[in-house]
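Here's the structure we're looking at; comments come further down.
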Amino acid sequence: MSPDGGLSGRQPKAVQSALAVLEAVATAGAGVTAREVAESLELPPATAYRLLNLLVGEEYLVRLPDLRGFALGRKVAGLAGAIAPVRVPSAARTVLAGLRGRVRAGVHLVLYTATSLRVVDEDPDMPLASASLVERHLHATAAGRLLLAEQPEWRELLPPSRLTRLTPSTVATADRLDACLDEVRARGWSQQAGELHPGTACLAVAVRSATGELVAGVVVTSARGAVPVEQLEPARECAAELAPLLS
Amino acid sequence: MQLPPASPVAGLLRRRLSFPEVLAQSVSALAPSAAMVTVPALVLVASGAATLPAIAAATVLVLLVGWCLSLFALRMAAVGGVYSYTAKGLGPAGALLGGWSLAVGYAAVAMSALVGAALYVVALFGLPPGSVAVLVLLLGGLAGWCTVRGIQLSARLALALEVVSIALVLAVLVALLVAADGGPGSAAPVVDGEAGWSGIAVGVVLGVTAFMGFESAGTLGVEAQRPLVAVPRAVRWTPVVAGALFLFAAWAQVVLLRQAPLDLLMSPVPVAELAGPVGALGKLLDVGIATSFFACVTGSTNALARVLFSMGREGVLPPALGRTHRRFGTPHVALAAVLPVLVAVPVLLLLAGTGARAVLAGTLTVSAFGYVLAYVLVSLAAPLFLRRIGELTAAPLVGGIAAAVLWLLVLVVALAGGPLAGGRALSVVYLVLLVVGLLWIGWLRLRRPARLAAVGVYDQATESSVLPGSLPVGPHR
């Protein structure tokens, strides 16, 4: 939504055309040119170019380095990630159950897309207070911080205006979050204590594919207020076991 | 096609500036309040009764080139602004010519604004005239600190300063209008004088100088939060807002100066002469103009450093200029390279005995030439760029060519007719600077042709900007 115009919903035709343009780029594949999009949709060229520029401005589309071709933008992953069904292989669930048997803390699995995360396997004995809060408030959870630390610039994913102060100890300023994410990158794992709910702490360890991509996270939560660092090693071993199963 | 892991202009602070902060860059480099009080009176002397049409025509010319710029700004997030845009339409040689001319423009206007700010601070506190050079040093240092310390700091400072100074100048003009009740003065025949076509042409040329710097939001392609939305909007809206302010200021000055004596109209800043005797108005005006000039120093320096930063990254200038500050994310080497020049030239001119007003006006004239040539080239580049990427339609073809022709006329009138302060002597100064630039381009073409190929870097798509899996990527870091 643009800051000045707001969303009026009075241009249904324009929205339809914009979605058709997005679809045309998705079908044609990366590198399709503006003229090809206009021809395939039988839109007047000036209209097609305007819609393409709007979608590029909103980052749903990206202009490739030759400035002629278009590709789907990273932001599309956020749309798709939120609705795609998730399948966790049963072998992975077995590995998680193993860890749950060994540690006295909540163990959860989250899966990542390029721009979002989803809680896909919650500890049945010690469930999260709210999985949707974990998925939404990336700055205040260990799982979210792993995702933010992975971004070249976290502000593109989470505008600083959305750094909600959920508890008195939430990291809610851009500068403090910068420092916090630097720490995550240096250490390789993330933590938070009492920033989402008072008295609850957690840590998260990354599960990476063979190419180093962040695919999932093992989250260990504790209701005793302190970050459960004693579970770091077991969580790391679990993440190493999960890597071949999830990527 | 494989995308690179990092942008060729990485290192600058990414995606920080909101739209008002991007707008502040353009507005501050344009220095509207200083222009509001100085330019209309100059146009009045040249164009007489046709003053308002001349300023309206100047606004239309600037809107036209602003629209051409937005065609680029919608499609690429650049750090070199007009220079990087030109590269995509005219290729390396045309871009370097435009970029050099633009750099001369930014540098000269920064010098001019430094002297202007110093001059008005001296007037405000009643300091001895000899202190102008010292103040240039101090203000130059302060501007250097602001620009190195971070783009967000300097953008916010500029925004605040501009809001204050525009409000002050508007308040002073309104107060003078309310108080005005005299009959026609000895300046009335000039104010209401019939102007021929040449008078109007000169008025338009003087009028467009008021807008220069409006394009500088184009240098914030990396630093703006949503560059492909914010930058085109800033380059299209700045001339609209500035044009409205200038038209009001011109109308007010037509009314006020018609009642004034002729020697007041011919004084350097007639509005200041009018406001001077009226209580605190004179002081308020001085504060407004001084802050506007200072914001213009930081705005122009930011833009200049980013053009040189781009050239450093391309390798057409020493690569050190392409370095960025680890913490502040500013092109600190480029800033450190230009600031001593920006301060030294006016200080040396002042120490050599040139009057402060002459330095202010002379550097402004040189900068105007620099901008106008850059505008001609970028207007010409717009349709060529769109043709190259297969997106040319009728409007940009007509608009681009019309803008290029009209701005070329502005350049010819300005260079040959000598209507700007300092006359033809400064045309020669600019042409000498242009020859230096041409020699540099010639040397690059003959001796370092490989470097020319890199001209035109911008914040291009990287592997992290596309949907994962939609393009083949190289080995992961």
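Quick reminder: no glycine exception, Cβ is built from N, Cα and C everywhere.
Annotation comment: TrEMBL describes B:52-74, B:95-121, B:127-145, B:157-180, B:200-222, B:234-256, B:287-309, B:330-352, B:358-382, B:394-416, B:428-446 as transmembrane segment.
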Tell me, please, if the transmembrane segment (B:157-180) and the transmembrane segment (B:287-309) are in contact, taking contact as 3+ Cβ pairs under 8 Å between residues separated by 6 or more positions? yes
Non-local residues, at least 6 beyond the ends, that sit with Cβ under 8 Å of the transmembrane segment (B:287-309): 9, 12, 24-34, 37, 79-81, 83, 99, 102-103, 106-107, 109-110, 113-114, 116-117, 120-121, 124, 139-140, 142-144, 146-147, 151, 154, 157-158, 161-162, 164-169, 172, 213, 216, 219-220, 272, 317, 321-322, 324, 330-331, 334-335, 337-339, 342
For the transmembrane segment (B:330-352) and the transmembrane segment (B:127-145), check the count of CB pairs under 8 Å (sequence separation 6 or more) and say whether it reaches 3 or more. yes
Relative to the transmembrane segment (B:52-74), which of B:127-145, B:200-222, B:358-382 accounts for the most Cβ pairs at distances under 8 Å? B:200-222
Three or more CB pairs closer than 8 Å, sequence separation of 6 or more: does that hold for the transmembrane segment (B:200-222) against the transmembrane segment (B:127-145)? no
Other parts of the chain folded back onto the transmembrane segment (B:394-416), taken as Cβ under 8 Å at six or more residues beyond its ends: 61, 64-65, 67-68, 71, 201-202, 204-205, 208, 368-369, 372-373, 375-377, 379-384, 386, 424, 427, 430-431
Who are the long-range neighbours of the transmembrane segment (B:234-256) in its own chain, taking Cβ under 8 Å and residues 6 or more past its ends? 19, 22-23, 25-27, 30, 32, 35-37, 39-41, 43-44, 51-52, 55-56, 58-59, 62-63, 66-67, 69-70, 73, 166, 169-170, 173-174, 176-177, 180, 191, 207, 210-211, 214-215, 217-218, 270-271, 274
Spatial neighbours of the transmembrane segment (B:127-145) far in sequence, C-beta under 8 Å, 6+ residues away: 114-115, 117-119, 121, 294, 297-298, 301, 335-336, 339, 342-343, 346-347, 350-351, 356
Six or more residues beyond either end and a Cβ under 8 Å away: which residues meet both conditions relative to the transmembrane segment (B:428-446)? 93, 96-97, 100-101, 104, 316, 365-366, 369-370, 373, 415, 452
